[in-house]
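Student: Got a structure for you, written out below as structure tokens; questions coming shortly.
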């Protein structure tokens, strides 16, 4: 596939090449017709299921059969002028482009003795209706999420962001999948270096199939060995719009209801778009609550193991006696029972996700209660540990970014093992190693710990806490945006 579409005298050879290239599938339709008032033969080619077949027969085939072409020397331009009132039209001259158009759901018109094919946009596959986001449900905010159609997702963004400087930069990726990938940004806000870097990384992708944004994320992230996400996954259009307005970029993939937002910094994982819908005090307190939840999710089980196994003297006397009494008869050391309960919680959580929704919720709640109660009654674990694991699980659920909850769940086991080996000293060493890793991590070249280190104190009022809207007049300084002002100074 690389030659010109040669139709010098035999239209049937080209149709045979198309059938051979596609494997003569049952859904391939090739309708041969003669142009009205002429002996010139042509063929209408499309794939059923990807194309609106009724409209093809109603408008395309009927036009070819019943509307005469007066100037056969300019037949391609004449047909283009006629079909432009029906749909988006174009022309292609190479065989690979013809095949790609057919596979994309377009209708191709081949004309005998003409080296140019007419392409008509007639894509009409089934689409999921707009629904609320599944993974980012909010109390207050829009009730619509992205879906699998990239054009619908673009519409959702444009509908709420009517800015002439909004840019959609498209790519076709995947040697076999031929998926549309779109880079979205606001031209007069975003730092050009971010656009240039993302464009370079996207154009460097070489792969057979692109199925979802996760494929793109893994191919363009800064550090492939880090458990921390370097792009923010979201299915909320308002989250995308808020990020674009800050000076960030978004990546859409056709067939995926999720978008990627870059760059991502560590403080972003504790933020929710809902923070901007509530008063500043509530938004700030919610952020601090999520930060505390992150600490609990990672450190609470490890602290239990360290205190019970190594540093009993740091536990208040009454609490120490209670824990000792509860652990009486438990056959396993603290780290074994902690790892068992943590693994059990992960199994329950995973089962709840994979099972049908009503059954999954039941398994998650009832399964945790039943297994915890049975384990305590059997003397396998103590009640204090059940409470600790339950609080840890609840803390992970309070984090707004699902991908970071997976990271924190992995870190939980790392810190438990460190506490098992060296007690509190192991936890401190693990924290130092984690801090070193995070400070060396970047997202599209932006340090992951920004705006804390390097310090951009001016950004703390928006990124670290959430000050009143009247005080938020500038975009994040660490993004080095073209237009740094959100609210122009009021005239006196």
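Cβ coordinates come from backbone N, Cα and C, glycine included.
Keep in mind the model is a prediction, meaning the values are calculated, not measured.
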Student: For the annotation transmembrane segment in Swiss-Prot, which listed range does it cover: 342-362, 363-383, 384-404?
Tutor: 384-404
Student: Transmembrane segment per Swiss-Prot sits at which of 295-315, 316-336, 442-462?
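Tutor: The range carrying the transmembrane segment annotation in Swiss-Prot is 295-315.
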Student: What range among 263-283, 410-430 does Swiss-Prot describe as transmembrane segment?
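Tutor: That would be 410-430, per the transmembrane segment entry in Swiss-Prot.
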Student: So if I exclude everything within five residues of the ends of the transmembrane segment (410-430), which remaining residues of that chain have a CB under 8 angstroms from its CBs? That is, six or more out.
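Tutor: Tertiary neighbours of the transmembrane segment (410-430) are 227, 297-299, 301-303, 305-307, 309-311, 335, 338-339, 342, 392.
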